[in-house]
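According to TrEMBL, the protein has these features:
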- 1-20: signal peptide (SIGNAL)
- 154-475: domain 'Peptidase S8/S53' (DOMAIN)
- Asp161: active site, charge relay system (ACT_SITE)
- His203: active site, charge relay system (ACT_SITE)
- Ser427: active site, charge relay system (ACT_SITE)
Amino acid sequence: MKRKIAFAVLSGLLTASLFIAPGSFVSAKSSSNPYLVVFKNDLPSDYEDLIEEAGGEVVRALPEIGAVEIKSNERGFLKNLKGVRGIQAANLAFTHKLGYKKIDRSAADGQPVTDIPQPEDIDSYWEYQWDMQRITNDGKSYDIETGGTNRRHKAVVGVIDSGIDPDHPDLRDNLLGGMNFVPAGIDSSETGDPDDIRDRDGHGTHVAGSIAGNGKIKGVGPNLGLRVYRVFPENDGAPTSWIAAAIIQAADDEVDVINMSIGGFDAISRYTFQGEGSYSDVADILIWKRAIDYAVKKGVTVVVAAGNESLNLNNPTEITRYMNETYGDLGFEFKGASKEVPGQVPGVITVSSSTEWSEDEIAFYSNYGTRSIDVAAPGGDNGPIYAETGDLDQRDFHYRTLSTWPTYLDPYFTSNLHDYALLHGTSMAAPKVAGIAGVIKAANPDLKPSQVANLIKKTAIDMGKRGTDQYFGAGEANAYKALKQ
């Protein structure tokens, strides 16, 4: 299989990635810096006093995993922490941001799709859902399990993302609530209301439709329940601590599956910022590991996107080179290995992106790696001509994936549709697998996360090189085959 990576530079333009943005790193020269601190064991009873004595203030505590988010205006705060008993790791906090740009319609970016009927003019978009047709065997999996064959919401999927349109006609009947983790004051619309799960971006609504849409759009499990955990505001990012808190809450809410269409990189070794300091993201990595382990131990299957940088995740040198090329102008210098989070965290199902037109190549943007990819799922792309030429004007948005879009937002630039949108990326692939995990749990409620993962891999349709490979993993996940076992 020929792997095209020439267009990796365009990954920032994809509509499907959430990634760690070092550009939002706060330097030691600013008035207040965010930090993540992980204790060796449980939080000590006097942890707030210990942090205060070191010059910090606890912003959010995660007692379930022995971690805290802190802010401090002390230049030597990390050094001060070295004297605090019980601390295992600490680092300056990065902010995760929505990793796609809503390209201006005047840009050379193909032509918006205009030949799909508006929702008021059509009863069903099934004929345009090539992705769902394929992983359900033309809807045959619905005859076995929909997430509520005998009763609705036999299984529940938690979506950690930018929220949801709670009134979308294809989603509202499956929405079982959720929680907001964005604090007050991030922007003028954020009041800190824990019940405010309204999607300001669109990403989360699109993801939710692929899992449990039940209307003009069909998801993998049209009768699965959805619980939504909003961690992203409209125009800003989220630290790992917010996402970890959402993972913990979802596990405590007893969801069966968590979908995180989130991906980024943590530096295992040291890096510098503007020539100063010597940092690593060890605390960040530990928080990811502990939060996911917390969920898995509670019986939650965790599905994540592989990311959209077209990188071999098993090549640390390649990742480090990408980090320096991407963020070097911001003052970062990465000197050692980095890893993708949460895609390379133990216990998750990591999903690469397949396309409509090829069984030999994954999407041009998808990350890959022999020990990193578990399965692939349809995430769409811009079609075979663009994959071959990289010509922006040859992007064909029909090859992307159609799903729900907030009814109150403007149409996404890839089409003139309202309430629905064509997107692509590993973020569109992961929820297909989360939906498959959901219907598996609905049909087999006693299965453990490892058993769900093994069933998905065992029944995946082999693509690319025969057997397990670095691009498709075990193959393309298939709901019908998994439910037939």
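Just so it is clear, glycine is given a Cβ too, placed from its N, Cα and C backbone atoms.
Note that this is a predicted model, so its numbers are computed, not measured.
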**Item:** For the active-site residues Asp161, His203, Ser427, the one whose C-beta sees the most other C-beta atoms within 10 angstroms
**Value:** Ser427
**Request:** Measuring Cα to Cα, tell me the gap between His203 (active site, charge relay system) and Ser427 (active site, charge relay system) in whole angstrom.
**Result:** 9
**Message:** Under a three-state reading of DSSP, tell me whether Asp161 (active site, charge relay system) is helix, strand or coil.
**Reply:** strand
**Request:** Compute the C-alpha separation of Ser427 (active site, charge relay system) from Asp161 (active site, charge relay system), stating it in Å without decimals.
**Result:** 10
